[in-house]
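Report on the following structure.
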């Protein structure tokens, strides 16, 4: 598309119904934020300029959204959508192209829908083209009124409609494409003569000569978020889109109503996702895996043929054909190799685990480098913290630890070392067997003091 296109995203609203200290547009949604999802809807367009009008929490919005090609314009006093667009006028001086205006709280828009609106606007040679939809319950939305030729005659906010006007089910989707020189001529004439005393952008439409409407195919796309309930509804819609796309691409999702997956997650065909599984962020899962039930993966990479159930993995990596869980916890920096077993109540943090290594139950491995074909006995603990500093442990290939062993860092165990059960190892062991425990003492005639007679 021509680069003579600019976009204005309206993100200055107070969002009072969210009842939050966080700006509404920064609330998390499907792996990003509401505002980032709106910006993603502009992805198919070549924009000359992109402006975000900010108000409430402006610095927070700038901090999260700052990126090349995006400019922030502050609306210090929130006096309506028309007033918000007026704040951009000095930044588009001399601009002769088209301007898209869209709300920053409408995260369900598809890029193809926005691109289609621009294409239709150009084919109409209109002064303005708006996105509209017919919905069963139009309450809360501005109504679009057409003339006999199908052109937009007027858009009236819901609160300003009469009872008869509210029966109109054609609603304003809050997405506009304007010929900027035409809009510039009428913006100063906007009036605050309405119930809220605000300057409404739709009030500019009757002042323009040629205004058209384009119907959106999926009315859900123009869904706006004003409170936590609507945020949850938008989340459910986006999750359904993601799950449908994955299932059509060859992923089995056993119960879609009990699975959530961010659209940023990548899953290859022939993966089975069990119920109560939640996949977040930059997670990538290779083919042939079984994930869940009862599993959370965040920013985690999983190799082919691996099984993970009833476990939590964050910013971790698991190689191919390994088994994780049940009830394992892989914390950031965990890097588990191929053909490994990480079992019941095992926690791994900031540690690399070599191929064919097993930690089957009740172990903690933190800040460690572990070789291949290592076997951790039940209850093996890598003691990495001295109360002030973390220290590393290096464990060579083929090491075996007995049950209830403690490896106190900093420590190095050479290839093939065996640690006897119950040992607390505090010094490096280059090879062989290490036994580091108190000698067992048996007193067969011992009695508790309260059981002893006076004769002893």
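Using the three backbone atoms N, Cα and C, a Cβ is placed for every residue, glycine included.
On a predicted model such as this, the values are computed, not experimentally measured, just so you know.
If you look up Swiss-Prot, you'll see 1-228 marked as region 'Pyrophosphorylase'. Across the region 'Pyrophosphorylase' (1-228), the prediction's mean pLDDT works out to 93.
Applying an 8 A CB threshold to same-chain residues 6+ apart, the list for residue 364 (UDP-N-acetyl-alpha-D-glucosamine binding site) reads 346, 347, 348, 349, 380, 381, 382. The UDP-N-acetyl-alpha-D-glucosamine binding site feature in Swiss-Prot is assigned to 10-13, 24, 75, 80-81, 142, 157, 172, 226, 331, 349, 364, 375; the stated evidence is sequence analysis.
If you look up Swiss-Prot, you'll see 105, 226 marked as Mg(2+) binding site. In the structure as shown, the Cβ atom of residue 105 (Mg(2+) binding site) sits within 10 Å of 26 other Cβ atoms.
The region 'Linker' annotation in Swiss-Prot covers 229-249 and is backed by sequence analysis. The list of residues near the region 'Linker' (229-249) in space but at least 6 beyond its ends in sequence, with Cβ under 8 angstroms from a Cβ of it, reads 18, 27, 29-30, 34, 37, 107-108, 220, 223, 256, 259-263, 265, 267, 269.
Under the heading region 'N-acetyltransferase', Swiss-Prot lists 250-456, citing sequence analysis as support.
Cβ neighbour count for residue 361 (active site, proton acceptor) (all protein chains, 10 Å cutoff from its Cβ): 19. As annotated by Swiss-Prot, active site, proton acceptor applies to 361.
Here Swiss-Prot flags 378, 384, 385, 421, 437 as acetyl-CoA binding site. In sequence order, 420, 422, 423, 424 are the residues of the chain that are 6 or more apart from residue 437 (acetyl-CoA binding site) and have a CB within less than 8 Å of its CB.
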For the region 'Linker' (229-249), jot down how many residues DSSP puts in helix, in strand and in coil.
20 helix, 0 strand, 1 coil
Rounded to a whole angstrom, what is the C-alpha distance between residue 361 (active site, proton acceptor) and residue 80 (UDP-N-acetyl-alpha-D-glucosamine binding site)?
60
Check the binding-site residues 12, 421 for other C-beta atoms within 10 angstroms of each C-beta and report the one with the most.
12
Restricting to the chain of residue 384 (acetyl-CoA binding site) and a gap of 6 or more, list residues whose Cβ falls under 8 Å of its Cβ, or answer none.
366, 367, 368, 390, 391, 392, 393, 409
Nearest to residue 80 (UDP-N-acetyl-alpha-D-glucosamine binding site) in three-dimensional space, by Cα, is which of the binding-site residues 226, 385, 421?
226
Return only the integer: C-alpha distance in Å from residue 24 (UDP-N-acetyl-alpha-D-glucosamine binding site) to residue 385 (acetyl-CoA binding site).
41
Pick the one among the binding-site residues 172, 226 whose Cβ has the fewest other Cβ atoms within 10 Å in this structure.
226
